[in-house]
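Asks: Provided herewith is a single structure, encoded as structure tokens, for subsequent inquiry.
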Ligand code: GDP
């Protein structure tokens with residue numbers, strides 16, 4: 001993203017700005033059409049001698065206003081497990097992020113249980129099994145093609161029985177059966193609600209930064225089926241600009257909570273909006 005804004009500065013150094021080109025550039029930076037239009041309108045209304053640095057400054061002000069200064073921390077609930085449902089499209093980094101988040105909480109001294117609720121994809125269950133063994137974090141899984149809601153239910157029982165602070169459920173993400181997927185998530189929500197009516201306490205959508213504005217569309221669809229409480233943006237170590245997290249916050253008021261910066265379990269951070277804006281521009 002930083003590179004993107006540097007290139008903006010270099011390209012728009014003259015007062016005679018090509019507004020369409022500027023708008024297209026902002027959209028291609030994944031900030032989304034709505035914010036791009038607002039920034040362009042703001043710049044037009046300030047018709048002074050504009051140059052690249054002004055554009056960056058105006059864009060920065062807009063992004064700052066949209067992103068919350070801090071994000072809610074993941075604190076345990078006394079006496080019962082806090083349930084985190086990890087949702088998202090296959091390939092975005094859902095299973096890896098589930099393991100990374102479990103590792104982060106485990107390192108903070110919390111007791112964690114994992115539930116492999118993507119029962120339709122043997123590879124996902126195998127992958128989570130490997131992570132659970134490597135990280136020494138207990139995993140609950142069901143039979144192949146079993147009911148994902150029942151895996152989450154069993155996960156909850158185990159977490160409760162063993163006094164775990166967190167239950168993290170990795171869910172399925174097959175897009176070609178979108179209707180079924182969304183119904184499955186609603187069912188998981190219902191079944192977990194039977195154990196604790198506030199559960200799942202967090203529903204975190206995993207988005208791949210390299211897919212650009214597709215992530216906004218995914219956030220809209222998941223949020224319709226099951227209200228999201230946060231986003232995990234992955235692959236920010238790649239070519240992804242991450243601007244889409246600003247668009248998701250602006251349109252859906254869903255904050256980014258964590259970011260993924262690589263394939264290793266430690267390549268994971270709590271999202272820091274100040275740092276993001278500073279690095280962005
Ligand atoms: P899922 O299908 O959504 O569960 O996705 P996976 O967790 O299996 O991840 C898909 C691929 O993305 C794997 O090769 C991961 O190692 C990789 N991956 C996940 N998160 C990141 C990240 O933050 N950065 C990079 N570079 N790769 C990631």
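Note that Cβ sites are derived from N, Cα and C of the backbone, with glycine treated the same way.
The GTP binding site annotation in TrEMBL covers 88-95, 170-174, 234-237. What TrEMBL records for 80-227 is domain 'AAA+ ATPase'. Taken from TrEMBL, the feature domain 'SRP54-type proteins GTP-binding' covers 81-281.
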Asks: Do you know which of the binding-site residues 91, 94, 171, 174 end up with C-beta under 6 Å from ligand 1?
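Replies: What lies within reach of ligand 1, judged by Cβ under 6 Å, is 91, 94.
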Asks: With H, G and I counted as helix, E and B as strand and the rest as coil, say where DSSP puts residue 236 (GTP binding site).
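Replies: In the DSSP reduction, residue 236 (GTP binding site) maps to coil.
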Asks: With a 10 Å radius around each C-beta, find which of these binding-site residues (94, 174) has the fewest other C-beta atoms nearby.
Replies: 174
Asks: Let me know the model's mean pLDDT on the domain 'SRP54-type proteins GTP-binding' (81-281).
Replies: 93
Asks: What are the sequence-distant neighbours of residue 88 (GTP binding site), meaning same chain, six or more residues apart, C-beta distance under 8 angstroms?
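Replies: Residues satisfying the criterion: 94, 173, 205, 206, 207, 218, 222, 232.
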Asks: With DSSP as the yardstick, break the domain 'AAA+ ATPase' (80-227) down into helix, strand and coil residue counts.
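Replies: Counting residues per DSSP class in the domain 'AAA+ ATPase' (80-227), I get 78 helix, 27 strand, 43 coil.
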Asks: Just to verify: the residue among 91, 171, 236 with the fewest other Cβ atoms within 10 Å, which of the binding-site residues is it?
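Replies: Among the binding-site residues 91, 171, 236, the lowest count of other Cβ atoms within 10 Å belongs to 91.
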